[in-house]
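Listed in TrEMBL:
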- 43-65: transmembrane segment (TRANSMEM)
- 44-264: domain 'ABC transmembrane type-2' (DOMAIN)
- 77-96: transmembrane segment (TRANSMEM)
- 117-145: transmembrane segment (TRANSMEM)
- 151-174: transmembrane segment (TRANSMEM)
- 186-208: transmembrane segment (TRANSMEM)
- 228-261: transmembrane segment (TRANSMEM)
Amino acid sequence: MSVTRIQPRRRFSFFEWKEIVEYRDLLYFLSLRDIQVRYKQTSLGVVWVILQPLVPAIIFAVLFGNFARLPSNGQPYLLMVFTGLIPWSLFSNTIGRAGGSLVGNSNLLSKIYFPRLIIPLAAMGSVVVDGLVGLMVLVVLLALFGVGLGWPMLAAPFFLLAAFLMGFGLTLIVASLNVYHRDFGYAVPFALQAWNYLTPIVYSSSLIPEKWLFLYSLNPTVGLIEGFRWSILGGVPITTTMFLSMLTGLVGSLCIGMAVFQRIERGFADIV
C-alpha cells in the first residue's frame with residue numbers, strides 16, 4: 001500500500017507536478033465529468049460548442065462589417081472577428097469556468113486529500129474541448145473563403161498556448177481569492193466584459209490613433225489576439241511592444257498565480 005506524505009511546501013516553490021501525474025486518473029475523471037455535465041440534457045449537445053463562437057462572430061460581422069463599415073485589413077470581416085474570438089474565448093473561458101472551481105468542489109476539498117491544483121485544471125478541460133471545436137470551425141471558414149496556408153500559421157499554436165497559460169495564471173489567482181472572498185466570483189464577468197472592449201476582437205488595432213497605440217499595446221491580450229490573427233490571416237506582424245507586453249503578462253500571471261495559490265491553498269478545506 002502506497003503512503004502519501006502531506007507536508008507544507010516551501011513558500012513560492014514550484015508545484016509538485018510529479019504529484020499531479022500520480023493523480024492523473026482523478027484529473028481525467030473530473031475533467032470528463034465537467035464536460036459531460038456541461039452538455040447533459042441538452043438537445044443540441046456538442047452543437048452548442050460550434051454555435052457559441054460562430055453566432056457572435058456572424059452578428060459582429062453583420063453589425064460592424066456591413067452596417068458600421070469598420071475596416072478589416074482587406075480580410076473578410078467574419079474571419080477577422082472569428083480569429084479574434086478563438087484566442088479570447090480560450091483565455092476568458094479559462095478564467096470564467098475555472099475561477100469558481102474550488103468553491104464549486106468544496107465537498108471534495110473537505111473530505112479527501114489530493115493536489116488542490118487538480119480542481120482548476122479539471123475545470124479547464126471543457127475549455128480545451130471548446131477551443132479544439134472552434135479551431136475546426138475556423139478551418140472550415142478558411143476553406144470557404146479561400147484563405148491559403150502560409151508560414152505564419154506555424155506561430156498559431158504559440159499564441160493559443162500563451163492565451164491558455166495566461167488564463168491559467170489568472171485563474172489560480174481568482175480561484176484562490178474566491179475561496180475567501182466570494183465577491184471575486186461576481187466581479188470576474190464584469191472585469192472580463194470590460195477587458196473584452198479593450199481588446200481588438202471585433203475591431204482591428206489599426207483603428208487606434210497613433211498617439212494612443214503604445215498605451216493600448218500595453219494590454220497583454222492585444223498581442224495575443226493580433227498575433228494569432230496575423231498567424232492565420234497574414235498582414236502586418238504585431239509590434240515589439242505588443243509582443244513584449246504579451247510575454248510579460250504571460251510570465252507575470254503564471255508566477256503571481258502560482259505564488260498566491262501556494263500561499264493560501266493549505267486553508268482551502270477549512271474555509272469552503
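For all residues, glycine too, the Cβ spot is worked out from N, Cα and C.
Highest Cβ contact count with the transmembrane segment (228-261) among the listed stretches 77-96, 117-145, 151-174, 186-208 falls to 151-174 (criterion: pairs under 8 Å). A Cβ distance under 8 Å defines the sequence-distant neighbours of the transmembrane segment (151-174), meaning residues of its chain 6+ beyond its ends; these are 86-88, 90-95, 98-99, 120, 124, 127-128, 131, 184-185, 188, 220-221, 224, 227-228, 230-232, 234, 237, 246-247, 249-250, 252-258, 260-261.
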